[in-house]
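Peer 1: Below: one structure in structure tokens.
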Amino acid sequence: MADSAQAQKLVYLVTGGCGFLGEHVVRMLLQREPRLGELRVFDQHLGPWLEELKTGPVRVTAIQGDVTQAHEVAAAVAGAHVVIHTAGLVDVFGRASPKTIHEVNVQGTRNVIEACVQTGTRFLVYTSSMEVVGPNTKGHPFYRGNEDTPYEAVHRHPYPCSKALAEWLVLEANGRKVRGGLPLVTCALRPTGIYGEGHQIMRDFYRQGLRLGGWLFRAIPASVEHGRVYVGNVAWMHVLAARELEQRATLMGGQVYFCYDGSPYRSYEDFNMEFLGPCGLRLVGARPLLPYWLLVFLAALNALLQWLLRPLVLYAPLLNPYTLAVANTTFTVSTDKAQRHFGYEPLFSWEDSRTRTILWVQAATGSAQ
């Protein structure tokens, strides 16, 4: 921030601060943002772990609220210097309706932007997603791409559609005059597949393996690579972006950045086994054990069952047409834009990230070997 802000302690607001990424952003701010005076944590469901944070030198204010309620968002934003908007509904399994996904991800983001404009908060960092870009509905690979790589971003699934629209709203808002007449400065960060402590989907895969007797069966060719990024490094990138957004407003304002680190490019299944293997699971098959057409059929069948059962019961299997398409499409990024624009370097090495994640899976599932 500018010199005028250096003398004062700053007020940060993290929306979705009790979510998977949000909790890591909150803890990272407390550890590594020396100018922090007050940290507001806004979420619909407040975690009990927040209480332990209230004994430190920084004032931690827990605010229970809903991003779809404009008045609640405006009250939380008022007086904040910086907003890190991580709140969002990540649902690729059909647990929520398309309407709910849109309300949270799009209307919620619109509410945050309007709250910044109305209250005079000038700096907004938005958590976007790689799925704003792809994989697209045509299954086109994105191989070692960067923020400027041409790619036909065509989506039908409610989640990537909602994130794409929300990101557009954030970038379009850059430069809008806020209360007091100064411009709003925004940027968006696009994590690839996030892993690490608190990753619910990793836990779901572990439980699925247990139900199958400790085995997981290869469904996707090992040659289909995915870029993954450790949650601690994603949180660190958010902290750095928020810190530098004022001094580098001309450079960073209205920009998007892929989140990246030293995690290796591997297939989704092979990457997961880096953590699930030490927890006792085994991946069967050097090649997929089922033909792809059969997976397509099973995914379509799951989608049909989900539609038929929706009035009666929630049926949200891991395999559906969208998750199959994503898992079966190469999507890797290779960029240094965040380093060039605001000095980002990964805080955690691959070895450290891997160890931390393994220990979490073992502790969370009681599977320590």
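The backbone N, Cα and C atoms fix where each Cβ goes, glycine too.
These came from Swiss-Prot, pasted as-is:
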type     : residues : note
ACT_SITE : Tyr159   : active site, proton acceptor
BINDING  : Lys163   : NAD(+) binding site
TRANSMEM : 289-309  : transmembrane segment
TRANSMEM : 311-331  : transmembrane segment
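A description of the local structural setting of each listed feature is requested, covering burial, neighbours and distances.
Peer 2: Taking the Cβ of Tyr159 (active site, proton acceptor) as reference, residues of its chain lying under 8 Å away and at least six apart in sequence are, in sequence order, Leu89, Val90, Asp91, Val92, Ile101, Asn105, Glu131, Tyr322.
Listed in sequence order, Gly88, Asn105, Ser128, Ser129, Glu131, Val132 are the same-chain residues at least 6 apart in sequence whose CB falls under 8 Å from the CB of Lys163 (NAD(+) binding site).
For the transmembrane segment (289-309), the residues of the chain that approach it from at least six positions outside its boundaries are 94, 217-219, 315-317, 319-321, 323-324, 328, judged by C-beta separation under 8 angstroms.
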